[in-house]
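Student: What follows is a structure written as C-alpha cells; I'll ask about it next.
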Amino acid sequence: MCDLVARTGRLQQRYEDGSRLVAGCIPFRYVNSDKDGNSESGKVIQVLMISSSSGPGLLFPKGGWENDETVREAAAREAVEEAGVRGILMDFLGNYEFKSKSHQDEFSPEGLCKAAMYALYVKEELATWPEHETRTRKWLTIEEAVESCRHPWMKDALVEGFCKWHKEKMVKGEEITGEH
C-alpha cells in the first residue's frame, strides 16, 4: 500500500496570461556502459519516462503547479506522484509551451499550458507510488527517449534543454549536490 496520495482537482492551480502553469522534470541516472559492469568503460546516461494515462507514447512527469508550493516543489512532487522517484532537483531547463485538450477550463479555455522543466538526478525508486496502478515507468537512453516522446514539446525539453544542460554542466564535472 502507498502512503502517498496524488493531488487532484484544479482549485489550487496557478495561471498566468491565460496559460495553466505546469512543473515537471526529466529524471536521470548513470549506468555502466558495458554488460559486464566494468566501470572503466564509463557511464551511460538514462532518462526515466512514464506511460501516459490517456493514450500511447511516453512522457516525463509533469503536472499543475499549485498556489501553496514553489515551482521546484511542484516538479519534485510530480516526480513522486507520477513516476515514483525521488532525488536531487538540479537546474532549470526552460519553459515549454503547449496546448492540452484535456486541460481546457474557464481559466484557460484554449488549453494553453506553460511547463517549467528541471533535471532530476534520481536517488530513489519507490516500490509503490500514488499513480503506480495507472502508470508504468521505463529507463531509456537519450536516443530511445527522443524516439519515444509522445509530445513534441517534451522532445524539445529533452534535446534543447536537458541534453544541452548535461553537456555544459555535468560533462564538465559539476558535482551532483542538493544545493541547486
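For all residues, glycine too, the Cβ spot is worked out from N, Cα and C.
Okay, so Swiss-Prot annotates it like this:
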| type | residues | note |
| --- | --- | --- |
| BINDING | Gly63, Glu82 | Mn(2+) 1 binding site |
| BINDING | Glu78 | Mn(2+) 2 binding site |
| BINDING | Glu144 | Mn(2+) 4 binding site |
| MOTIF | 63-84 | motif 'Nudix box' |
Student: How many Å separate the Cα atoms of the residue listed as 'Mn(2+) 2 binding site' and Gly63 (Mn(2+) 1 binding site)?
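Tutor: Rounded to the nearest whole number, the Cα-Cα distance is 6 Å.
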Student: In DSSP terms, helix, strand or coil for Gly63 (Mn(2+) 1 binding site)?
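Tutor: Where Gly63 (Mn(2+) 1 binding site) sits, the three-state DSSP reduction gives strand.
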Student: Here the binding-site residues are Glu78, Glu82, Glu144; which one has the lowest number of other Cβ atoms no more than 10 Å from its Cβ?
Tutor: Glu144
Student: Can you give me the Cα-Cα distance between Gly63 (Mn(2+) 1 binding site) and Glu144 (Mn(2+) 4 binding site) in Å, rounded to a whole number?
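Tutor: It is 23 Å, counting Cα to Cα.
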Student: Helix, strand or coil by DSSP: which one applies to Glu82 (Mn(2+) 1 binding site)?
Tutor: helix
Student: Between the Cα atoms of Glu82 (Mn(2+) 1 binding site) and Glu144 (Mn(2+) 4 binding site), find the distance and write it as a whole number of Å.
Tutor: 20
Student: Using all protein chains in view, find how many other C-beta atoms are within 10 Å of the C-beta of Gly63 (Mn(2+) 1 binding site).
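Tutor: Here the count is 20.
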